[in-house]
Amino acid sequence: MALFNVEGWSIKTKTVAFDNKTNKSSKDKKKNNRKNGKLTREQKLKEETEAELKEQVEDIPSEGSVAKDIPKKNQEKSDQNETSKKRKHDEEAPLMQVKENIEKPTKKQLTPLQQKMMAKLTGSRFRWINEQLYTISSDEALKLIKEQPQLFDEYHDGFRSQVQAWPENPVDVFVDQIRYRCMKPVNAPGGLPGLKDSKEIVIADMGCGEAQLALEINNFFKNYNKKAKKYLKRRHKVHSFDLKKANERITVADIRNVPLPDESCTIVVFCLALMGTNFLDFIKEAYRILAPRGELWIAEIKSRFSDGKGNEFVDALKLMGFFHKKTFDENKMFTRFEFFKPPAEIIEERRQKLERRQKFIEVETEKEELEKKRRKIAEGKWLLKPCIYKRR
């Protein structure tokens, strides 16, 4: 196959023919030189254009250069303002931090187990304070609260949580009574009792707690007098007494001896407040400060009455000089009583009736027997049982 024989490409040949470097033509060299020349020219043009751009950019005024061109006076003023602001900020910063710390105290969220433990502790603390107040006299209770004022707040925190579970709050019942009876004229049948001359309704809340009764009554009469005609407006005053001044409405006092003159009140309220072992002294004080035909309103927990209905309690208050009006026992948790202080003419009529029936001596002996019994055993142990919660 001579036609396909190519020099250097024969399979049979032992040597392979390679291209020789020296055999390159001068044309190839010229082409390479031209290409290199073009590259150098393009690089030079690029470098020149970049240099021009740099010069143009440098000629444009920057923010720093503009700031340098501002007059020195304005710059000095701005510097002074900035330094004064910094000083004020530095001085006010710690004060603001203190305020924030006071206004926003860090509160750690308790776990469910910790919440249960806290509830048990507060409950046991409330029960202990409650037992103390029911089993000591009023002067001892006043001394205790003066020495440890935090006990008053702890007790009322626990008491508030207890009453919230009740179907009805006795304070609300008393406020509703005042609202309802206020619609009738003062001293009229079914109306509220007022002082004889001024017809002012004067209420004494004995053992007021946080004086919620005074707050609600004041708000009611304020709104009532705004809408009422001039001749229908009501004059009123509320005195609130307890062992600690929890707010401005309260006067600190032992409620067996309050700073009020004789016959200066028309309604005296004991709302779950007959707590001391000497609570009949509170009743005597109520009789002293009540005006004739003034009313005594009492609400007490049902479990305190040994007979379940409070008949023995009513009889004891009759011996103290009060006339019984009505007992309200429809509530599951507490019983309400209404008494009034008879005027002198009714007392005289009653005395004459008892003499005709030859029972006056019997009544006097019953009073003496009651006082003798009180001297031996405090009425807080037999007439009204202390409200002591079961230990768990």
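Note that Cβ sites are derived from N, Cα and C of the backbone, with glycine treated the same way.
S-adenosyl-L-methionine binds GLY207, ASP242, ASP254, CYS271 as Swiss-Prot records it, and from the list HIS156, HIS236 the residue named for this site is HIS156. Looking up SER62, SER161, SER303 in Swiss-Prot for phosphoserine, the annotated residue turns out to be SER62. Counting only residues at least six positions away in the same chain, the Cβ atoms of PHE152, GLY207, CYS208, GLY209, ALA211, ILE250, VAL252, ALA253, ILE255 sit under 8 Å from the Cβ of ASP242 (S-adenosyl-L-methionine binding site). Among the record's S-adenosyl-L-methionine binders, HIS156, GLY207, ASP242, ASP254, CYS271, no two C-alpha atoms are more than 18 Å apart, and one pair sits at exactly that spread.
Under DSSP, CYS271 (S-adenosyl-L-methionine binding site) is assigned to a strand (E or B) in the three-state scheme. On the 0 to 100 pLDDT scale, the coiled coil (32-61) averages 55 in this prediction.
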